[in-house]
Every structure is written in C-alpha cells, then in structure tokens.
Amino acid sequence: MKGSHLFLYLFSMSCWLNMTPTAGNKIFHFGPCRISMSVTEIRSGFTAIKANIQARDPIRTLSILSYPHSLHRVKSSDRCCITHHLFNFYVDKVFKHCKTEDSYVNRKISSIANSFLSVKRKLGQCHEQNKCMCGQESAKKFKQILVNYEGLNVTSAAIKSLGELDILLDWLEKSR
C-alpha cells in the first residue's frame, strides 16, 4: 500500500515538473497549442547584437514584418498558424543566411536560431495534430511577409528580418 502511494506521488511530481516551464520560460497560448519558451533569453541574445545587425541593413525604408499590419490584428484562431509559419520562416530562411565576419555575433545568432528551432518543433507537433488551423487571414498575412522578404536579395532580406526580431518578440508577448 505504501509503495503505491509513493509511486502515485512520484508520478504526480513527474507530471507536474514536465508541465512547469523551466526557469525563464513562459507558456504561450496559440489557439489550443501551449508552447513553453524563453522570450527573455531570445531577447537578451538579440539585444546584444541588435545595433550590429541593424547597422548592416542598407534599406531602412522597408520593413518585412511591420509592413502595414502584417502582424497586427491577427485573430486568436490564426495565431498558432502564423506563429508556426514565422518560426519556420526564421529557421529555414533567415538564420541560414545571417553570417557575419564577427564570431561573437555569429554565436548569438546561432543561440537565437537554436531557441527558434526548439519552438518550431513544438509548433510543428501542434500543426501535425491539427490543433493549429490556418485560416485565410494568416495565409494572407504570411504571404505578405514572404513577398516583402523575397523582394530583396537573400542576404539583405535575412539581415533585415533578423534586425526586426524585436517586432516579432513584442508581438508574441502581446498575444500571450
């Protein structure tokens, strides 16, 4: 009898620890998907290189993420989908083309990319389980982001997108 109580206690603690975010992590709700991530850690890495990255951006009159209302007024039902697309976009397009001659900046970019890869995987699981539905609005908004990105050469577009990471992070925290 005592063994079963101990097992139940240990099992309960294990479940609780798996559901509790690790230090610095917050739980984000994207529709029915719950994702744990440390925006503070990502923001800290970005802040360390922001001035360097933005100084490399030759085109200051164009924005990829904040083109009129790209991330504004996204319905809660579309947040999972647009977030899934954005994390795929950053991992598959942006981080692959953000290399500098500065090893410190490259290490920070790599660290941010690893954080994004982790979240991308979690969002991918939600998407595969059909919890992350894509409506017309999210498709339209993401298409506009791609049009903005593809209108530039690959390196400029990647640097500009990385330089706008604070727009994405602010949006994520507001939609939490």
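For all residues, glycine too, the Cβ spot is worked out from N, Cα and C.
Positions annotated as signal peptide by TrEMBL: 1-24.
In the shown protein chains, 20 other C-beta atoms lie within 10 A of the C-beta of Cys33 (disulfide bond). Annotated disulfide bond per TrEMBL: Cys33-Cys126 (among others), in sequence order.
Cβ neighbours within 10 Å of Cys132 (disulfide bond), excluding its own Cβ and spanning all shown chains: 24. What TrEMBL records for Cys80-Cys132 (among others) is disulfide bond.
Residue environment of Cys81 (disulfide bond) contains 26 other Cβ atoms, counted within 10 Å of its Cβ in all protein chains. Feature annotation from TrEMBL assigns disulfide bond to Cys81-Cys134 (among others).
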Within 10 Å, the Cβ with the most other Cβ atoms among the disulfide-bonded residues Cys80, Cys126, Cys134 is that of Cys80
Disulfide-bonded residues Cys33, Cys126, Cys132 vs Cys81 (disulfide bond), shortest C-alpha separation belongs to Cys132
For Cys134 (disulfide bond), the closest of the disulfide-bonded residues by C-alpha position, picking from Cys33, Cys80, Cys126, is Cys80
